[in-house]
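Worksheet: one structure, shown below.
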Amino acid sequence: MTMSLIAGVAAFVLTVLAMPHFITYYKIKKIGGQQMHEDVKQHLAKAGTPTMGGTVFLVVAILISLIFNFHVFTEGHPAYGATAGILFVILIYGIIGFLDDFLKIFHQINEGLKPWQKMALQIVAGLLFYFIHVLPSGTNSLAIGGLTIQLGVFYVLFVLFWIVGFSNAVNLTDGIDGLASVSVVISLIAYGIIAFVKGELAILTIIITMIGALLGFFVFNHKPAKVFMGDVGSLSLGAMLAVISIALRVEWTLLLIGVVYVLETASVMLQVSYFKYTKRKYGEGRRIFRMTPFHHHLELGGISGKGEKWSEWKVDAFLWTIGALASSITLWMVLGNVMK
């Protein structure tokens, strides 16, 4: 546990030291920044803000996790599969996000990777995780409370759905200063406690290391943000949460621990579906929310969408609180043996 905490502190310090150099390089080279939604006027001032900051905290977190978990890879440790699988997913999804950001920023391709290209790469990465960790472990079921759901060969489909789904869900959440970074920290704290109780110290080290790196990133990402994480950060973080829940055998918990990401994704799906339905039925599309993902709806008019505009700090605080409460309830359920 002590070494895990040292790893977290090291990740925080290195990220804080490295990020200013990344931001300065970005500005000196006059690299194009992230484009903003014109519908949210207060975001227009952020145009040109350096993005791809996730590259820094991912490199730091991966390297420090490898150093502090070195014994896992050299001594045939039982946690080898889970540790290697988690770090592999963080790396590969980070590369996918990096490619997406690179095309948008350096080649001025607005959509980055085409949706089918991004999805294909995410599925391949998910399959590799399945073969690295899940298949060797013999896992093919979901445990929810006292109920065990045997999925057999279909468990691989669940794994792919979980990883790809939450990877994109965190990506949707990363829309205002500090929201995604702190939301993921809250989620990781919950999983860190579960990992500690289960005695999964190698996984705990990865979790605490990423928490340290994200807190270091938040120093520059809180409002007004000096840098954004980009897809390189958000896609990787979402996939990381998914594989950690799988490795700890508490997959169901991510629906609660990750409730903010679920809410953000659900708002987009509902908005698109309702718009298409009403356009077919009434000849014009109608909306449930002022704008999606949900954090933009809050910005434009609060919970009802018709009230005063919310500041980014207020939106952050509201969604962070929801995430913290949901994570606390989940921990009570898991640690209190209500559900495992």
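Glycine residues also receive a Cβ, built from the backbone N, Cα and C atoms like all the rest.
The shown structure was predicted, so the numbers you read here are calculated from the model rather than taken from an experiment.
The transmembrane segment annotation in Swiss-Prot covers 3-23 (among others).
Outside the transmembrane segment (53-73) by six or more residues, the chain places 3-4, 6-7, 10-11, 14-15, 18-19, 22-23, 79-80, 83-84, 87, 90-91, 94, 97-98, 202, 205-206, 209-210, 212-214, 216-217, 220-221, 227-234, 236-237 with a CB less than 8 A from a CB of the stretch. Annotation comment: Swiss-Prot describes 53-73 (among others) as transmembrane segment.
Using a Cβ-Cβ cut-off under 8 Å and counting only residues 6 or more beyond its ends in the same chain, the transmembrane segment (79-99) has close neighbours at 52, 54-55, 58, 61-62, 65-66, 69, 72-73, 112-113, 118, 121-122, 125-126, 128-129, 132-134, 136-137, 163, 167, 171, 200-203, 206, 210, 230-236, 238-240, 243-244, 247. Residues annotated as transmembrane segment in Swiss-Prot, with sequence analysis given as evidence: 79-99 (among others).
Residues or ranges marked as transmembrane segment by Swiss-Prot: 119-139 (among others). Long-range Cβ contacts of the transmembrane segment (119-139) within its own chain (Cβ-Cβ under 8 Å, at least 6 residues beyond either end) map to 81-82, 84-86, 88-89, 92-93, 96, 99, 113, 155-156, 159-160, 163-164, 167-168, 235, 239, 243, 246-247, 249.
Marked as transmembrane segment by Swiss-Prot on the basis of sequence analysis: 144-164 (among others). Residues 89, 119, 122-123, 125-127, 129-130, 134, 239, 242-243, 245-246, 251-252, 254, 338-340 of the same chain, all 6+ positions outside the transmembrane segment (144-164), place their C-beta atoms under 8 angstroms from a C-beta of that stretch.
Annotation comment: Swiss-Prot describes 176-196 (among others) as transmembrane segment, evidence class sequence analysis.
Long-range neighbours of the transmembrane segment (200-220) within the same chain, counting only residues 6 or more positions beyond its ends whose Cβ lies under 8 Å from a Cβ of the stretch, are 1, 3-5, 7-16, 19-20, 23, 53-54, 56-58, 60-61, 64-65, 68-69, 72, 77, 79, 82-83, 86-87, 90, 178, 181-182, 184-185, 188-189, 191-192, 226-227, 229, 233, 237, 240, 244, 247-248. The transmembrane segment annotation in Swiss-Prot covers 200-220 (among others) and is backed by sequence analysis.
Same-chain neighbours of the transmembrane segment (227-247): 19, 22-23, 26, 33-34, 49-55, 57-58, 82, 85-86, 89-91, 93-98, 100-101, 112, 122, 125-126, 129, 133-134, 139, 159, 162-171, 173-174, 180-181, 184, 187-188, 191, 195, 200, 203, 206-207, 210, 214, 217, 220-221, 253-254, 257-258, 261, counting only residues six or more beyond its ends whose CB sits under 8 Å from a CB of the stretch. Residues annotated as transmembrane segment in Swiss-Prot, with sequence analysis given as evidence: 227-247 (among others).
Summarising the annotation, Swiss-Prot assigns transmembrane segment to 250-270 (among others) and lists sequence analysis as the type of evidence.
Here Swiss-Prot flags 315-335 (among others) as transmembrane segment. Remote same-chain partners of the transmembrane segment (315-335), defined as residues 6 or more beyond its termini with a Cβ less than 8 Å from a stretch Cβ, comprise 176-179, 182-183, 186-187, 189-190, 193-194, 197, 223, 250, 253, 256-257, 259-260, 263, 295, 298-299.
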Long-range neighbours of the transmembrane segment (176-196), counting only residues six or more past its ends (CB under 8 A): 1, 43, 170, 203-204, 207-208, 210-211, 214-215, 217-218, 221-225, 229, 233-234, 237, 241, 244-245, 248, 250, 253-254, 257-258, 260-261, 295, 299, 312, 315-316, 319-320, 323-324, 327-328, 330-331, 334-335
